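Chemist: Among the features that TrEMBL reports, substrate binding site is placed at Lys90, Gln111, Lys114, Gly165, Ser379. Residues annotated as active site, proton donor in TrEMBL: Lys126. Sequence annotations record features per position, and here TrEMBL assigns site 'Important for catalysis' to Asp166. Among the features that TrEMBL reports, NAD(+) binding site is placed at Thr209, Asn240.
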Amino acid sequence: MKRNIEAFLELVKERNGHEPEFLQAVEEVAETVIPYIVKHDIYYGKNILLRMVEPERVISFRVCWVDDKGEIQVNRGYRIQMNSAIGPYKGGLRFHPTVNMSILKFLAFEQVFKNSLTTLPMGGGKGGSDFDPKGKSDNEIMRFCHAFMSELFRHIGPNTDIPAGDIGVGSREIGFLFGMYKKLRNEFTGVITGKGMTWGGSLIRPEATGYGNVYFAQKMLETKNDSFKGKDVIVSGSGNVAQYAAEKVIQLGGKVLTLSDSSGYIYDANGIDIDKLAFVMELKNVKRGRISEYIEAYPTAKFIKGKTPWEIKCDIALPCATQNELNEEDANTLLNNGCICVSEGANMPSTKEAITAFHKAKILFAPGKASNAGGVATSGLEMTQNSLRYKWTREEVDNKLKDIMSDIHKSCLEFGKDEDGYVDYVKGANIAGFVKVAEAMLAQGIV
Ligand code: NDP
Ligand code: 2IT
C-alpha cells in the first residue's frame with residue numbers, strides 16, 4: 001500500500017514539483033483514498049485519482065486597469081476548471097497578493113471533494129488574482145473587477161462555471177463582477193453566487209460558511225454528548241467566515257475569546273459578545289480597518305502583534321483565516337491547553353503535521369472540505385433559487401444548511417470510522433467526496 005501511494009505521489013511531484021500547496025492537498029487525499037481504491041475493484045486500475053489531479057482546463061490571463069493616480073497596473077487573473085463530472089465548475093475567486101497557480105490548484109482540488117460532499121450537483125473550480133484589494137479605493141476595486149470580468153466572462157456561465165467569493169472577494173466585489181458580466185452578455189442569470197439580496201442573492205449565504213462550520217462542530221460534539229454551551233472558543237481571522245462563526249458560537253452559548261488578521265490577534269478575556277462583534281463587522285466590512293483597532297473601543301482587551309491566537313487556552317479552536325496558519329507547534333500548544341475540538345472554517349489551515357498531532361491525541365478534528373462546505377452548499381441553494389426564479393425565507397435556507405451539514409457529518413462517520421471507533425474525519429470526507437465523483441467519471445468514460 002505504502003508503495004502505491006509513494007509511486008502515485010512521485011508522479012504528481014514530477015509534474016507539479018513547484019506547487020507545494022497543491023502537493024500538500026493531493027498528498028492528504030492520496031493517503032486516505034488510495035487504500036480505499038485498492039480495496040474496491042470498480043475503482044482499481046482506472047487511474048481515477050490521476051485524472052482528478054489534472055485540471056480539466058486552466059485559464060490564465062492579463063488584467064490591465066488604471067489606478068486613481070492614472071497609472072496603468074497589470075495583474076494576473078486565473079480560473080482553474082478542475083472537475084465537471086458531477087456538475088458545472090463551482091468555486092470562489094480569491095484576490096490576494098499570494099495568489100498563484102499552486103494556491104489556486106490546491107483550492108480547486110479541495111473544492112471538487114467539498115462540492116461532492118454537499119450532495120448538490122456541483123463540480124469544482126477556483127480562480128482569482130494576485131491583485132491586493134487592501135488600501136484600494138472603491139473606484140479602483142470597481143475598475144479592477146470590471147477589467148477582470150472583461151476576460152473571465154468568456155469562460156463562465158450559469159451552466160458552465162459559477163464563481164463566488166473567497167479571501168478578498170466579498171459582496172462589494174461580487175457586485176462589480178456581476179455588473180460587468182451582465183453588461184457583456186446582455187443577460188441576467190445566476191452566473192455568480194453571493195449576490196446582493198435585491199438582485200438574486202440568497203438569504204443566509206453571507207452567514208453560511210461560518211454558521212455551517214459551527215453546525216458541523218456541533219454535530220461532532222454531539223457524538224461525545226457535548227455542546228458549545230459554556231465553552232471557551234478561539235477563532236482566527238476576522239473576515240466573512242470568522243465573523244459568522246463567532247456569531248453562531250455566541251448564539252449557542254460559547255465564549256469567543258479571539259479574532260485575528262494578518263497583523264496579529266486580539267484577546268478579549270471577557271468574551272466578544274454580539275455588540276462587540278457588531279463593532280468588528282462595521283470595522284472590517286464598512287470601514288475596512290484593522291483588527292488592532294478593537295482595543296481602542298474595548299481597552300481591557302489585548303492586541304498581540306504578529307502572532308496567531310493558538311497560544312490562548314481554549315476548549316474549541318476554529319481556524320478561519322488562511323492555509324497553513326496552524327502548525328505542529330500550535331497544535332501541541334492547543335492540545336496541552338486541553339483543546340477538545342478543532343473545526344476548520346478556512347481551507348487547509350492546519351499543516352499535515354498539525355493534523356497528525358490532532359489524530360494522535362484523538363480529539364475531534366474536522367477538515368475544511370467537510371466543515372466549511374456550508375458556504376458553497378448555500379451557493380448551490382442560491383443557484384437553485386435563481387433557476388426557479390424564486391426566493392426561500394431565511395429560516396428555509398438555514399434549515400437546509402443545517403440538514404446539509406448534518407448529512408456531511410453522517411458521510412464522514414460512514415467512511416471515516418476507525419476500528420477502535422475513533423472518527424477520522426479527514427479520511428471520511430476524502431473517501432465520501434471521492435466516491436461520488438469517481439462513479440460519475442466511470443459512467444462517463446475516458447473524457
Ligand atoms: P476574508 O477576505 O473575508 O477574510 C480573510 C481573513 O483572513 C482576514 O481576517 C485576513 O486578514 C485573514 N488572512 C488572510 N490571509 C492571511 C494570512 N496570510 N495570514 C493571516 N491572516 C490572513 O475571507 P473569508 O473569510 O471569506 O475566507 C477565510 C478562509 O475561509 C479562506 O481560507 C477561504 O478560502 C475559506 N472559505 C471561505 C468561504 C466563503 O464562503 N467566503 C467558503 C469556504 C472556505 P487580513 O485582512 O489582514 O488579510
Ligand atoms: O472555498 C469555498 O468553498 C468558497 N470560497 C465558496 C465557494 C462558492 O462557490 O460559494
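We number each residue from 1, going along the chain as drawn.
Glycine is no exception: its Cβ is also placed from the backbone N, Cα and C atoms.
TrEMBL annotations: computationally assigned, not manually curated.
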Chemist: Determine which residues of this chain, when Lys90, Gln111, Lys114, Gly165, Ser379 are set aside, have a Cβ within 8 Å of the centroid of the substrate site's Cβ atoms, and list them as they appear in the sequence.
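Modeler: For the substrate site, the extra neighbours are Gly91, Gly92, Asn115, Met122, Gly124, Lys126, Ala164, Thr193, Gly375, Val376.
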Chemist: List the recorded positions Lys90, Asp166, Thr209, Asn240, Ser379 whose Cβ sits under 6 Å from any atom of ligand 2, in sequence order.
Modeler: Lys90, Asp166, Ser379
Chemist: Using a 6 Å cut-off on Cβ distance, which of the binding-site residues Lys90, Gln111, Gly165, Thr209, Asn240 come close to any atom of ligand 1?
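Modeler: Checking each Cβ against ligand 1, the ones under 6 Å are Gly165, Thr209, Asn240.
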Chemist: Highest CB neighbour count within 10 A among the binding-site residues Thr209, Asn240?
Modeler: Thr209
Chemist: If I take the alpha carbons of Asp166 (site 'Important for catalysis') and Thr209 (NAD(+) binding site), what is the distance between them in whole Å?
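Modeler: Checking the Cα atoms of Asp166 (site 'Important for catalysis') and Thr209 (NAD(+) binding site) gives a distance of 11 Å.
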Chemist: Which recorded positions from the set Lys126, Thr209, Asn240 come within 10 angstroms of Gln111 (substrate binding site), judged by C-alpha positions?
Modeler: Lys126
Chemist: Which one is it, among the recorded positions Lys126, Thr209, Asn240, that lies nearest to Ser379 (substrate binding site) by Cα separation?
Modeler: Thr209
Chemist: Under DSSP, is Gly165 (substrate binding site) part of a helix or a strand, or is it coil?
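Modeler: It is coil.
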Chemist: When you measure from the Cβ of Lys126 (active site, proton donor), how many other Cβ atoms are you left with inside 10 Å?
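Modeler: Total other Cβ atoms inside 10 Å, all chains included: 31.
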